[in-house]
Amino acid sequence: MTRSASATAGLTDAEVAQRVAEGKSNDIPERVTRTVGQIVRANVFTRINAILGVLLLIVLATGSLINGMFGLLIIANSVIGMVQEIRAKQTLDKLAIIGQAKPLVRRQSGTRTRSTNEVVLDDIIELGPGDQVVVDGEVVEEENLEIDESLLTGEADPIAKDAGDTVMSGSFVVSGAGAYRATKVGSEAYAAKLAAEASKFTLVKSELRNGINRILQFITYLLVPAGLLTIYTQLFTTHVGWRESVLRMVGALVPMVPEGLVLMTSIAFAVGVVRLGQRQCLVQELPAIEGLARVDVVCADKTGTLTESGMRVCEVEELDGAGRQESVADVLAALAAADARPNASMQAIAEAFHSPPGWVVAANAPFKSATKWSGVSFRDHGNWVIGAPDVLLDPASVAARQAERIGAQGLRVLLLAAGSVAVDHAQAPGQVTPVALVVLEQKVRPDARETLDYFAVQNVSVKVISGDNAVSVGAVADRLGLHGEAMDARALPTGREELADTLDSYTSFGRVRPDQKRAIVHALQSHGHTVAMTGDGVNDVLALKDADIGVAMGSGSPASRAVAQIVLLNNRFATLPHVVGEGRRVIGNIERVANLFLTKTVYSVLLALLVGIECLIAIPLRRDPLLFPFQPIHVTIAAWFTIGIPAFILSLAPNNERAYPGFVRRVMTSAVPFGLVIGVATFVTYLAAYQGRYASWQEQEQASTAALITLLMTALWVLAVIARPYQWWRLALVLASGLAYVVIFSLPLAREKFLLDASNLATTSIALAVGVVGAATIEAMWWIRSRMLGVKPRVWR
């Protein structure tokens, strides 16, 4: 084992205590996430819950419990959001920036495993195969030590480390053993510096969420005048008693609030999370499902995303004139079996040639970075070496030129040769006889090609970026069907506009630094692209955080998993199309659901305004002011089968239609005209059926029932057009909703509990006639709207 002069038995307990007191310990700042209390407050104290909560208290004050059924929505809205966010928080909190590595720390008091936060400056940390480097340091002992820094730099090849070399936190040992002295701890360590920029809690962009918030804000402005007018007219002009006035007032205000829209959106996202969870895909922010469906550029990190860790033997090219009695396959299998600490290349050879001949080893020479070869002397089977062709061969030889030609294609080439002396001889390997060229390539994920083909069909462009050399990146991209010249990122322009223009001309980029990955994301976003970034290393963290959607591999660095919105726990790139599919389902279905809820809001506001204006006009004209037609129970049952249950089913249904921008415009061009028709039709029926404030209780109930019949007919027709294009289950849903109301009106107990009376044939006939006219108007509007938006109207799929 090579030791540096600085290798020691480690720190004393007093030296450790002194460094802790001086703040020179490995305290890593925790990632900032919302606390449980903040999550609860954010989901309970919402604008909608506040409005509904006040109205619920008012209704309960009247003693009418059945009219307070809408209060259940407050609980449902809050619980679903809290459960999902707390679940994501718990997952995030488990993903520490440096991970749960337990380094083996050597001190004068003894050598034992310790937590990463126990490490202090100048500690001696021992390393073996698979160990993670938890802090930056300097190698003080090494025995054929090779470090994989791909999570930090993107460079796929393991790096041989000698005494005095630097090792960085976030890398890990591939082969060999050694020890290093901690030179940078805590926030000074390389991985911690990158992670610090990704430590703040952020929310992914969401057109659905932003659009719904804009709509809710607009509705709030409408609620104020409509609500004040309703409160005044129902409490101070109708003179029917405070309980009846309060119930009518609440009956007017409750349906104005699209309370179920937020609930159904949360449910649709939550179900998407569960479905993707079954595919080993962790969604850490609900709207990330939607975001990936809108992505038009995917920046895919090569190492760890498109390729797997390790190498694969793709070809063994035997050289002319290398006649030996031993077969090349037997020699390679014997070499692999004799290597106690195989590096990535020898592991690939062992996988390809897994039937060793059982030769007896006479001498063994492990791989060293200084010599670039390893070898074994076998009893009765000669001396064999394998290593870099440019070291073992004459550069002018045919074999050397052949190896150079293959290497120029982005492949790794090793020379298998017979040596003239034993491998442990001072002059080893002596004169070598070339026998074969062993060609290795990075393992491409078996599902990567299929996934990239899917994105191509969906008009999503893919940019392959890596810290590896450009030739290697280009070779992998070419194997995956992404043809074109690869660019060395060291030649990329620094200006955002120039960089964006360059990105349009190239598909693959090598030698990309972490800050350049972030700059690439920013440049693409500046040209209006929605960018997804996939990666698994600490070097990907900054780009993952700033991309519209960050996707990390489950086997990647804890830092990359912590900042990504989506984590592929099974490391399968092919999971992404399923995420896109879930996003499309959410977007398409929530758009349908939003049409239903906002139509209800429009007709509720309009009906309240019409009744309120009539009350104001009636006072100077000495006419009876109108009571609002509905009590809270009426609007509750009206929502059951025209909105609530159908919306729930529609929000979960399969839907693979492409996502397009313009959510608010499309929804409002349906909801506003449909809502106006329903509001006017309901008001006309009620006006015709209303018998005045001195009417009997039965007559008032008949007028309210007539208005409800018209509302149900027109609202059901809105459901019928929103559910198009029909499939058998959508048509069945519409028919079942209509049948449910027929059953309610047919059952005496239901009529009694829900305050319904359709026994007056005159008012009921008026309600039916106006309902038919309203439904026909909605049908005509649907056809006209489709033409105006340039969409072909389809009744059947």
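Glycine is treated like the rest: Cβ placed from N, Cα and C.
Binding site for Mg(2+) per Swiss-Prot: D301, T303, plus D536 from the candidate set D27, D536, D546, D548.
A strand conformation is recorded for D301 (Mg(2+) binding site) in the three-state DSSP classification. Pairs of Cβ atoms less than 8 Å apart link the transmembrane segment (215-235) most often to 601-621, out of 254-274, 601-621, 703-723, 729-749, 764-784. DSSP gives D536 (Mg(2+) binding site) a coil state; it is part of no helix or strand.
633-653 is the stretch from 633-653, 703-723, 729-749, 764-784 with the greatest number of Cβ pairs below 8 Å to the transmembrane segment (254-274). In this chain, the transmembrane segment (703-723) touches the transmembrane segment (633-653); three or more CB pairs sit within less than 8 A of each other, excluding pairs fewer than 6 residues apart.
Between the transmembrane segment (703-723) and the stretches 601-621, 667-687, 729-749, 764-784, the greatest number of Cβ pairs separated by less than 8 Å involves 764-784. In this view, D301 (Mg(2+) binding site) is surrounded by 31 other Cβ atoms within 10 Å of its Cβ, with every protein chain counted. Within the chain, the transmembrane segment (667-687) has long-range Cβ neighbours (under 8 A, six or more residues past its boundaries) at 211, 215, 591, 594-595, 598-607, 610-611, 614, 626, 629, 703-704, 706-707, 709-711, 714-715, 718, 722, 763, 766-767, 770-771, 773-774, 777-778, 781-782, 785, 788-789. Other C-beta atoms found within 10 angstroms of the C-beta of D536 (Mg(2+) binding site) number 28, with every protein chain shown included.
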